[in-house]
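Let me begin by presenting the structure, written as structure tokens, before commenting on it.
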2 protein chains.
Amino acid sequence: MSRAYNFCAGPATLPEQVLLQARDEMLDWRGTGMSVMEMSHRSDEFVEIAETAEQDVRDLAGISDDYAVLFMQGGASSQFATVPLNLLGNSASADYVNTGIWSEKAIAEARRYGDVNVVASSAGCGFTTVPDQTGWKTRADAAYLHYTPNETIGGLEFDFVPDSGKVPLVADMSSSMLSCPVDVSKFGLIYAGAQKNIGPSGLVVVIVRKDLLGKAHVKIPTMMNYQVMADNASMFNTPATYSWYLTGLVFKWLKDQGGVSAIGELNARKAKKLYHFIDTNPLYSNPIDPRFRSRMNVPFILADEALNSAFLKGADERQLLNLKGHRSVGGMRASIYNAMPEAGVDALIFYMAEFAKERG
Amino acid sequence: MSRAYNFCAGPATLPEQVLLQARDEMLDWRGTGMSVMEMSHRSDEFVEIAETAEQDVRDLAGISDDYAVLFMQGGASSQFATVPLNLLGNSASADYVNTGIWSEKAIAEARRYGDVNVVASSAGCGFTTVPDQTGWKTRADAAYLHYTPNETIGGLEFDFVPDSGKVPLVADMSSSMLSCPVDVSKFGLIYAGAQKNIGPSGLVVVIVRKDLLGKAHVKIPTMMNYQVMADNASMFNTPATYSWYLTGLVFKWLKDQGGVSAIGELNARKAKKLYHFIDTNPLYSNPIDPRFRSRMNVPFILADEALNSAFLKGADERQLLNLKGHRSVGGMRASIYNAMPEAGVDALIFYMAEFAKERG
């Protein structure tokens, strides 16, 4: 089989250019006689790879020197504990917004370490919208305000950055990081599991404002301490070197595409045409408040559930892969991250139209 | 440059056969149209990759069903906290043997969670030997006895498995796992950062006796909880899928080599000839008690330190890489893990002899 269009929500499709370069450099990185995964993390070569990746993400996202950029092991699930263990400090409470399954997971883990105040929730309507910020019950003495800008499973995305006043704003950007321009200076901390828009799974990028360092819980595992990671350029231990390298290749690729502004426009166009098709074809529907529809993850259901299997089978035959919705919600989901070409979205729409005509 | 002989202590050289296969499968794993790193961890394809890797390491190491095998994110440094947070239980204390820098790191982190009793230490002699077990001050009520079978930096290796009686024995096998036959049934828990004998960095393999599960500290981060990992086949979150796949390729390669018995014989032969050369050439020396010399990491010093730079420069020119000793001890170190072919050791000895003749 040639390369398929892979709509998986994560681990997700990567740019072919990145995979080609990784393939070509697999046995010998630039005449060193070694694969990157065989290099000492203290070597000049790897340190250059690591520092270049950091600089590139700083350039792409517009991250100032007021922030440390960390390349940590794990993913968003590990950060669900890492964030409160680092940021609660003497404050016993944090504010969280609940807009879906990933918000709920973050809340459940944070509750194990302090008082969590759910300032707003759209659970009552099945997470189909984002609660208007005028009604949020935030507290001025909260250690931070946490939200999930894009809910990967529900397909719900904020179209605004919450105003948290003087309280540090914390965001799980696992499925939206680098997908469009964001003003990082509005945030205290951003974290993103790599396996959607950034690279392979097992790596999580953390962007943390330096004045928030040094408040970690006395019993925090050392490997989870942002201060320790920042002081050691994310090399307190042996980092996930190969994942870091791949991430760097993705950053270079994104620069080649014109950066986050250009990819943001492309992402908006991809999402708009897919939602437009869903809204205008009677076989398909999407339940999310149009204002807050995710540009990254597009869930949809078929009017007749009995057609699901046939739909997925036909998609597979056309190399349109992993369209089955998350096991917790069912239906279909097309994840169309940065690395999904517009041609992939066009191919999906073409198939969906064809299927509706024949079977709808 | 063609492939070099890379004596790095970790990340370390990998079998060329593994890298070739990874290269060939980079863009399309067996006709799926995807790289392994683009696959859903819940897909049939990846689950097969994951389960095959687990079965292969069970076969290789002789791991019974009494043990869970976990593929966790992080490395030994993260396990230094994970072990006490899981195993201390109601017992407030654990026993540790101190035989070098990695033991000391494990002890320092464990002390943050409970009372650590250092039952024996060879710090007094510069970690050049292993304390005789008859003098160990173990406690019958300890939660576990922890030791480091091979000290990667010092080049010191146990030639026996300590008798811990009814106390669970815990070992950091990061630099010795699968390098020779070991009776796993003597252990309560074994952990090994992958980046020496197993695969790329960022993954840690944990082998834990099932009766030790379920005792985790109430505040343990969920992602560090062995019980949670075991209950979810190491997929509570998105695991480090590509690293897991590469690890599986290394296990297959090791089976092709004849398994751990065969590789153990080869490793013994490689180490024996290198130590023999060091002992018989006046320019070189190794300070470790011969009985406890590491088969994996061979530190040596030159009689005249002023020759160090010339030695390393000449080695680099001959594609004998990363022979510089750890920054904490200086001198030289040749790490000769499973994937270092005997021809690499021969080439090193040839160069060392040549250098001694010309410059010694």
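Glycine is no exception: its Cβ is also placed from the backbone N, Cα and C atoms.
A TrEMBL annotation is a machine prediction, not a hand-curated record.
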Given TrEMBL lists A:A76, A:S77, A:W102, A:T152, A:Q195, A:N237, A:T238 for pyridoxal 5'-phosphate, the same-site residue among A:D44, A:D132, A:D172: A:D172
Against chain B, in sequence order - recorded positions A:W102, A:D172, A:K196 with Cβ under 8 Å: none
Three-state secondary structure, A:A76 (pyridoxal 5'-phosphate binding site) (per DSSP): helix
For A:N237 (pyridoxal 5'-phosphate binding site), the number of other Cβ atoms found within 10 Å of its own Cβ: 21
A:S77, A:T152, A:Q195, A:T238 as binding-site residues, winner by CB count within 10 A: A:Q195
Between A:R42 (L-glutamate binding site) and A:N237 (pyridoxal 5'-phosphate binding site): CA-CA distance (Å): 10
Neighbour count (Cβ, 10 Å) for A:R42 (L-glutamate binding site): 14
A:W102 (pyridoxal 5'-phosphate binding site): tally of other CB atoms within 10 A of its CB: 21
Rounded inter-Cα distance in Å - A:Q195 (pyridoxal 5'-phosphate binding site), A:R42 (L-glutamate binding site): 25
